[in-house]
């Protein structure tokens, strides 16, 4: 493929979306988008960082090459799902072997979820500076070491420590996996690809108990960690053949770091010019002074000593640079918030960033300053918290009430995993279909919120499925009913989640890695809370009461998604305008 940067890259500009009202009754659903677009000026161009011309554009790769990236990233993300629960069926054996308590085992599980949810923020920030490939290789190697040492652990403290290392290493693919797919796929096909990608960790979640039960019964609980180590090692080898999809020209985080570096250089140059100017002025004054006798010098020295403090204070105040000084430092001054393509390309060539330029806090704050992100991330976290809670409490219910062993529990939970996988794939495809249909009706213009309209059909069935699962468990009915309700709960909840994940990527162009990392943080935090409160609530109010609460919490998640669909476009615009004003004011 011919490189796209043999000349200065063109600035990709798309018109601000304008959606016209139709008299057709089928177009009533677009009213919210019409209201959001009325106040915008269609003639004003909008900077589109996602389509800045780059060399060897990943979005122009062949379908086969993209498929390899999709399969590799999806396979690596399976580690995150497997690592969370593959050794759960062997908990009793771990307690006996390491002479520990169930509380310590529960702590190892909760901390793993928390670390796996929070660490993507670090990996995301690093990947926006050094690229995706290096992060994949380093993180997978860390995860592999954690698995190996965990398999040889002789105490629960070592096991917990290695579980933390395992969670930190396996967390990278959670955040930058979705960003990698955003690097190679256009918005109109992201829903389908995100659905396929997220299907992989769901396979890990559903097969983890089954595989862990088989390995524990056939060998020992340590075999589960050795299996993970081998699988992770194979992923490391595969990533050696991975071609990096990261392009710094399309990263808002990288561009901001470059401007920050140039701004610091400009300030240093200005201070140096001030020092040189003062030195020249002092030299000129000294040369023009008449010669003094020793008697005349003594009063002068005394007077200078008395005025030392005031002189020091005056020197602390920087002088305004002259026009000549300003011209001298213009070459190192940072550019505006949206620089010209040629200038932006020149900046990226001139400045080389390193790990010292990694700043995970600011990109996260920029994502959180937008209300649409806060709302959608909260909804995503609630859905994930439910998924973790139902898998954890179902295992306890089947073991206590039905007397099932680890292998049978894994087989029953497989129904939830199958439903989740189908929901991820079909929900992603459906969101693409709705998105493309609304885009065509709008004359080719689009907004990320269009995708969320696809979730309405699934929202109707989530609360009944969750309530049904809770009360069939409470009434101790035939296990086939539990399997059916698990399948339905997984299918409908994850169908919604796949659309929200694609929206998070679409609505944060240039910051998709940071946004997905924050999504992982919300998921991990709420998953940790769900793990801590699940057993006490299950013991006190039963499965029926617990999942009645979850039905209510998921209704709140659905309302948040609908709120983003209605107001998200306006919130995004406010956020963009605020960032532009702050950038221009520097």
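Just so you know, glycine gets a Cβ as well, placed from its N, Cα and C.
Your range for region 'Disordered', going by TrEMBL and the list 192-237, 238-283, 284-329, 330-375, is 284-329. Residue ranges 547-566, 567-586 are listed, and TrEMBL annotates 547-566 among them as transmembrane segment.
Contact between the transmembrane segment (165-184) and the transmembrane segment (516-535) is supported: at least 3 Cβ pairs lie under 8 Å, counting only residues 6 or more apart in sequence. Non-local neighbours of the transmembrane segment (67-87) in the same chain are 94, 109, 112-113, 116, 136, 140, 143, 147, 166-167, 170-171, 173-174, 177, 180-181, 184, 193, 196-205, 207-209, 211-212, 215-216, 221, 224-225, 227-228, 231-232, 235, 238-239, 242, 245, 388, 391; each lies 6+ residues outside the stretch with a CB under 8 Å from one of its CB atoms.
At the 8 Å Cβ threshold, with sequence separation of at least 6, the transmembrane segment (547-566) lacks contact with the transmembrane segment (196-217), having fewer than 3 such pairs. Among residues of the same chain six or more beyond the transmembrane segment (196-217), those with a C-beta under 8 A of the stretch's C-beta atoms are 70, 73-75, 77-90, 93, 174, 177-178, 181, 223-224, 227, 387, 391, 395, 405-407, 409-411, 413-414, 416-418, 420-421, 424-425, 428, 494, 497-498, 501. Along the domain 'Major facilitator superfamily (MFS) profile' (69-569), the predicted structure has mean pLDDT 82. Tertiary proximity for the transmembrane segment (478-504) is limited to same-chain residues at least six positions away from its ends with a CB under 8 Å from its CB atoms, namely 178, 190-191, 194-195, 198, 202, 373, 376-377, 379-380, 383-384, 386-387, 390, 394, 398, 402, 412-413, 415-428, 430-431, 448-449, 451-452, 454-455, 458-459, 461-462, 465-466, 468-469, 472, 512, 515-516, 519, 554, 557-558, 561, 564. Outside the transmembrane segment (371-393) by six or more residues, the chain places 84-85, 113, 205, 209, 413, 416, 420, 449, 466, 469, 486, 489-490, 493-494, 496-497, 500-501, 503-504, 507-508, 515, 518-519, 522-523, 525-527, 529-531, 534-535, 538, 543, 546-547, 550, 553-554, 556-558, 560-561, 563-564, 567-568, 571-572, 575 with a CB less than 8 A from a CB of the stretch.
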